[in-house]
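Asker: Before we start, here is the structure in question, set down as structure tokens.
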Amino acid sequence: MPELPEVEVTRRGLLPHVVGRRIAAVTVRHRGLRWPVDPGLEACLAHRLVRRIERRGKYLLLECISADAAQPPGWLLVHLGMTGTLRVLPEAPPPGMHDHFDLLLDAGPAPGMLADTIVLRFRDPRRFGAILWTTLPEAELASHPLLSTLGIEPFDPAFDGAWLHRHTRGRSAAIKTVLLSGAIVVGVGNIYASESLFRAGIRPTTAAGRLSRARCDRLAQAVRDTLAQAIERGGSTLRDFVGSDGASGYFQLDCFVYDRAGLPCRVCATPVRQIVQGQRSTFYCPKCQH
């Protein structure tokens, strides 16, 4: 499943090719995604300009503005689900059975575009992704039902050990489970939770509320470092994920513990252990993490 690093890699890959372009045509082939695609989406998007691409948690937010001042700006919310990708294509090749959505983008008023038209194509074999439209003002966007429950961004300066310590008090759930929930901090998926906890030296089964301030300091830093490294490496490709240019990610090659059950810890050579938490595989070193 694409997590924060994969979504951020996608966002950064789209920026130079998509921002400033005008939506010339919209093609929706399959509306039955995680939530049905709005039947009026084509009309909402037609002839709008893509002004910005932001990210909130695992959602991509494309701000689309109209030349008609009477039309408010809107936001196209895209979630990649478990197997989704957004690709920039120089032309529109014949769609495959899992290619559900295309935006044909022309150069619009933006100078210096390398191609007159490109296609932004959404592919999702399992159809757990989502494409939604909202005209909520930017100041109210955080109140959208899909965004309102999300925790703080891990790269927000406010996210630090003090924040983590304060928001884990009284929580008896395991710290890995708390990280995965996204309620305190967003984007720490299964791979990145295991890796962050290893770097912080914290056993994933430790009750979140028992972490000292010092351990929360280490964990907050480990979360930021792990996610930053994953973004730099293009994310993790375990099965389906590719970036907007079709390139695979390579962070999985750097993992200390994830998917290394029985192999020697890269630090102390103790065999890595695997357990199940909340129906998800967890990997840790019994010597380095306590």
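Every residue, even glycine, has its Cβ placed from backbone N, Cα and C.
Feature list, courtesy of Swiss-Prot:
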ACT_SITE  Pro2  active site, schiff-base intermediate with DNA
ACT_SITE  Glu3  active site, proton donor
ACT_SITE  Lys58  active site, proton donor
BINDING   His98, Arg126, Arg171  DNA binding site
ZN_FING   256-290  zinc finger
ACT_SITE  Arg280  active site, proton donor
Asker: What same-chain residues lie close to the zinc finger (256-290): Cβ under 8 Å, and 6 or more beyond its ends?
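Answerer: Those are 174, 176-177, 180, 190-191, 193-195, 197-199, 201-205, 238, in sequence order.
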Asker: Please identify, among the binding-site residues His98, Arg126, Arg171, the one with the smallest Cα-Cα distance to Glu3 (active site, proton donor).
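Answerer: Of the binding-site residues His98, Arg126, Arg171, Arg126 has its Cα closest to that of Glu3 (active site, proton donor).
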Asker: Record lists His98, Arg126, Arg171 as binding DNA; longest Cα-Cα distance in Å?
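Answerer: If we measure all Cα pairs in His98, Arg126, Arg171, the largest is 41 Å.
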Asker: Tell me which of the recorded positions Lys58, Arg171 sits in the most Cβ-dense spot, judged by other Cβ atoms within 10 Å.
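Answerer: Per the Cβ count, the most surrounded site is Lys58.
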Asker: If one looks at the chain holding His98 (DNA binding site), which residues at least 6 apart in sequence have a CB under 8 angstroms from its CB?
Answerer: Arg123, Asp124, Pro125
Asker: Run through Arg126, Arg171, Arg280 for me and report the recorded positions whose CA is within 10 Å of the CA of Lys58 (active site, proton donor), in sequence order.
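Answerer: Within 10 Å of Lys58 (active site, proton donor): none of them.
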Asker: List which of the recorded positions Pro2, Arg126, Arg171 have their Cα within 10 Å of the Cα of Arg280 (active site, proton donor), in sequence order.
Answerer: none
